[in-house]
Every structure is written in structure tokens, then in C-alpha cells.
Amino acid sequence: MDAFHARPYRPDDHPHSQANEETPLLCKPVSFIVPNPSSRANLPDSPSQPSCSAEEATVPRRPRPSFSNNSIKLAPNLPNVEGRSTYGQTLFNCIAILLGIGMLSEPLAFAYAGWIGGTALIVFFGYITCYTAKILAHVILDDPRLRSYADVGKKAFGPRSTLLTSFLFCLEVFSVGVVLVTLAADSLHSVVPTYSANTYKMCSLIVLLPTVFVPLSVLSYTSVLGIVSTILVVAVLFIDGLSKTEGPGSLWDPAETSIGVGGLTELGMAFGLFMAGFSGHAAMPSLARDMIDPSQFDHMIDRAYIIAVIVYAVIGWAGYVMFGTNVSDEVSGDLLATPGYNPVLNKVMLWMLVISPLTKYALATRPLNVILEVMLGLEGNTHGPAEDSNHEPKPAIRSKARMGLKRVLVIVERGVIPFLSVAVSILIPEFSSMMAFLGSFSAFVICVIGPISAKSSLAGHWTFFDASILVIAVIMAAWGTYAAFLTA
């Protein structure tokens, strides 16, 4: 595969990129100094770059990434001046985003696709989404001005694509938030049925609202809690399965399963259910931008996806063996409805399903906050007045008032999203309906079709590998979406 060349991203594409009297001091352009020409040799298969014009030379940018075959390499030792999250914190955040909402429907996906099809699909989707996550990270890190998924679309396809890209992006992220609220409330209602699920959805705002204002570096600690919750859910599933010697619900007495696919409609449903588990690409630009050392992103994302594929496969296999083709859309419901299990363990599992979505909500919806703040002009530092060497500073009172207004608008914007998520969750309470839409349409577009199209547009050509993946993704997305509406 030829080297990947991003076309120059000119300052006028982002009017706020140039310094003026309103530019915060901490947001002045940063110069990335390359000690010697040999530093570019760290990028594999990168041809020599033409000399830049005087105008282009003033634009700060990172070394251009190289896409060689299916491996993507970042220039080593390239610190991120904006990043605050370490390698471990970013890894925890990424795993917490990937694991959660998709794991409960993995047994049903295996029931639709069979042993061979299910195993092949989960490995294939894990590999492809890991590859496209690296594409997004390299595009976002190549240009310091880019902040969100929508910025990637604007750079790749031009300003006219901003509206469509932003809409699809916001729809995918918002759908994830709605699913998380639904899962947490339904699980809490199963544990404490005193109040309705809708009541618990409204009460969840007590937890959700404070978390949306917490930095990503701090949210990594709540990610640990979410990961622990996922591990406990897996442990309870196996303990329940091993505690029974007879079916249904026993690992010792397997239920009726199938080697092959049940039917074309079932296969389409499996596409969406498997892909929904890997629908975390909306958060990848934020994670990459917030990483202290972005050169470690590839290694980090490989580990995160290997863990996610293993966990999803283990849950899918175990649930399919225990309940076979009669498994429900949430395996937790089968565990509750099957007699012979330890009720204490099942309640522990349900509490984990309450905690995990609540700890993931702020991480999952942070990209939506970023794009809205960019569109509303609320991004950037708001800690004080700015100065420009060619202009007199604005009056302190006026500058403080402007910064104060920005803070208020950011609080309002971030607070509205949880309220809207709860409202939509109340209006559309079916978990399976949201998961089918999220996986079949939204996840394929955001996680596969969008990144590969952006890479090819910036490179100026299509490779056989990327074109093949794009065609397969479009077919699967259309097939899965049709199957989801057909069975709704």
C-alpha cells in the first residue's frame, strides 16, 4: 500500500485557529520542532516531502502519518501538548467504552450466526474496527486543529460534508447514551422492582449530571469500576453455568445449538449485534487527543481490542452453550428467569449492570460535548483574558464577562445531553430496538465506512484492501438494517 498523504489543511478552514486579541494565552500555536531530517525516517514507506511554501511553513502541524498495508505507525517520542491521560488511563478508558452494552446480546448473536459464523464475525469485526480506530487517531493527531470526528470529516470531504458528518456522529453517540440509560434503569428495576424503570431513569440524572463535567483523566478511575463490573458479570455467568448439572442454563449439559447460520434474516441481525459491541469510534478522537504520548496509541488500541474480542467471544460462547437457540436478547434476563441459580449472585450481577452503564455514560457522550462546543464556539481555555503582541488587551471586565458566559453555556450544553438521553429512553424503552439500530446502521457508518472513506479521500486513491472492506461494510450495513426493521 502506498504511503498516506494528508492534503494541506489550511488555516481558513478553521477561523479560530489564528491568534488574535481574543486568543487565550495557553492556546497559542505550538511549534513542533524536528531536530534533523532523519527524524522522518521513523515513518515507514514515507517518500520525501516537497518543500513547503512560506505560508504553509507557518502552520504548526505534526509529522504526517504513514499507512503501510494494514499497519499504522506514529512517529515515536511525539508528545501531545494538550494530553493529560497516561497510557494506562487511556487503555482503561478505551476498554470501558468497548465493553458493556454489547456483551449481553453476544449469545443471541451466536444463536443467529451459529458457531462458525459467529466466531468468524466477531474476529473480523474486531480486526476491522481496530484498524479504522487507528485511522481516526492518525488523522486527528496529524493536525492540531482537529478536535472531533466531525473535524475529520470536514478535512477529508470538505466543509459541505460537515452537516452530514456531524449529524451521523451525534446520532451514534446519542444512541449509545440512550442505550446506557435504558440498560442501567432496567437492571435496577429488576433488582428493586419497587419503582418503575422510567422512575429509575429520571433518578439516574443524579449520577449522570456530575460526571459529564469531569476530565477524561479522572474518568479513567471510574472506567476501572466499569471494567471490574464487566469482569464480575462474566464470572457470575460462568458460576451460574457451572453450578447447574442439568439444562437449561448449564455448561455441563449444553443446550441445542447450531454450527451454521439459521437464515438470511438472522445473519443480518447478527451483523448488527456483533458490530454494536465495537461501536466506540466516536470517542477515539477524544482519547487520542487527550493522550500524553500519542505515539503509543497503536499499541494501546491493539491491547484494548484484543481484550474486547476475547471477552465478547467468551460471553457469547458461554451464553449460547447454556441457553442455545432460545437465548433472549439480554442473557441477564435468562439468568434471572432460570431456576436453580444462586439468587445472591444474580443480584450482584444486576447491580454490576447498573453500575457499569452509569460509569460509561460520561466517557461515551464526551465526543458529543466536544462537537457541540466546537459548533457553538465554546471550546478552548476560559481562565482569563488573552493578549496579542500587535493589539492592546481588551478591558479586563469585558474579557471576564465573556469567559464567564462561556462557562455558563458549557454547563448548560453538557447538562442538557443527559436530560435528552433520559427523555428518549423513556419514549423508546425497548433495549433490543436501540441495539439493532445502533449496530446495523450507525456503527457500520461511523466505525467502518466513515474512517476508510476519509483515509482514501485524504490519500487521493483507493487501495484494494480498503475498497474491499468498504464494499463489505456497505452490504452488511444495508443487510443488517433491513433485517432489524423486518423483525421489529
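Just so you know, glycine gets a Cβ as well, placed from its N, Cα and C.
The compositional bias 'Polar residues' feature in TrEMBL is assigned to 36-52.
If you look up TrEMBL, you'll see 84-485 marked as domain 'Amino acid transporter transmembrane'.
Annotation comment: TrEMBL describes 1-21 (among others) as region 'Disordered'.
Feature annotation from TrEMBL assigns region 'Disordered' to 36-71 (among others).
Counting same-chain residues at least six beyond the ends of the transmembrane segment (91-115), those with a Cβ under 8 angstroms from any Cβ of the stretch are 85, 121-122, 176, 179-180, 183, 216, 219-220, 222-224, 226-227, 230, 233, 257-262, 266-267, 269-270, 273-274, 276-280, 283, 287, 300-301, 303-305, 307-308, 311-313, 315-320, 322-325, 327-332, 353, 356-357, 359-360, 363-364, 432, 435, 439. The transmembrane segment feature in TrEMBL is assigned to 91-115 (among others).
If you look up TrEMBL, you'll see 121-141 (among others) marked as transmembrane segment. Using a Cβ-Cβ cut-off under 8 Å and counting only residues 6 or more beyond its ends in the same chain, the transmembrane segment (121-141) has close neighbours at 4, 6, 62, 65, 67, 70, 72, 74, 78, 80, 106, 109, 113, 147, 149, 151-152, 155-156, 270-271, 274-275, 277-278, 280-281, 284-285, 287-289, 294, 297-298, 301-302, 305-306, 308-309, 312-313, 316, 447-448, 451-452, 454-455, 458, 469, 473.
Residues annotated as transmembrane segment in TrEMBL: 162-185 (among others).
Marked as transmembrane segment by TrEMBL: 197-214 (among others).
The annotation transmembrane segment is assigned in TrEMBL to 221-239 (among others).
Under the heading transmembrane segment, TrEMBL lists 259-283 (among others).
Taken from TrEMBL, the feature transmembrane segment applies to 304-324 (among others). Sequence-distant contacts of the transmembrane segment (304-324) (same chain, at least 6 residues past either end, Cβ-Cβ under 8 Å): 91, 94-95, 98-99, 102-103, 106-111, 115, 118-119, 122-123, 126-127, 129-130, 133, 230, 234, 237-238, 240-241, 247-251, 254-257, 274, 277-278, 331, 334.
Residues annotated as transmembrane segment in TrEMBL: 408-428 (among others).
Tertiary neighbourhood of the transmembrane segment (434-452): same-chain residues 101-102, 105, 128-129, 132-133, 135-136, 149, 152-153, 165, 168-169, 171-172, 175-176, 178-179, 182, 268-269, 271-282, 329, 428, 466, 469-470, 473-474, 476-477, 480-481, 483-484, 487-488, selected by CB-CB distance under 8 Å and a gap of 6+ residues from either end. The annotation transmembrane segment is assigned in TrEMBL to 434-452 (among others).
Using a Cβ-Cβ cut-off under 8 Å and counting only residues 6 or more beyond its ends in the same chain, the transmembrane segment (464-485) has close neighbours at 1, 69-70, 128, 264-269, 271-272, 275, 436-437, 439-441, 444-445, 448-449, 452-453, 455-456. Under the heading transmembrane segment, TrEMBL lists 464-485 (among others).
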Across 162-185, 221-239, 259-283, 408-428, the most C-beta pairs under 8 Å with the transmembrane segment (197-214) come from 408-428
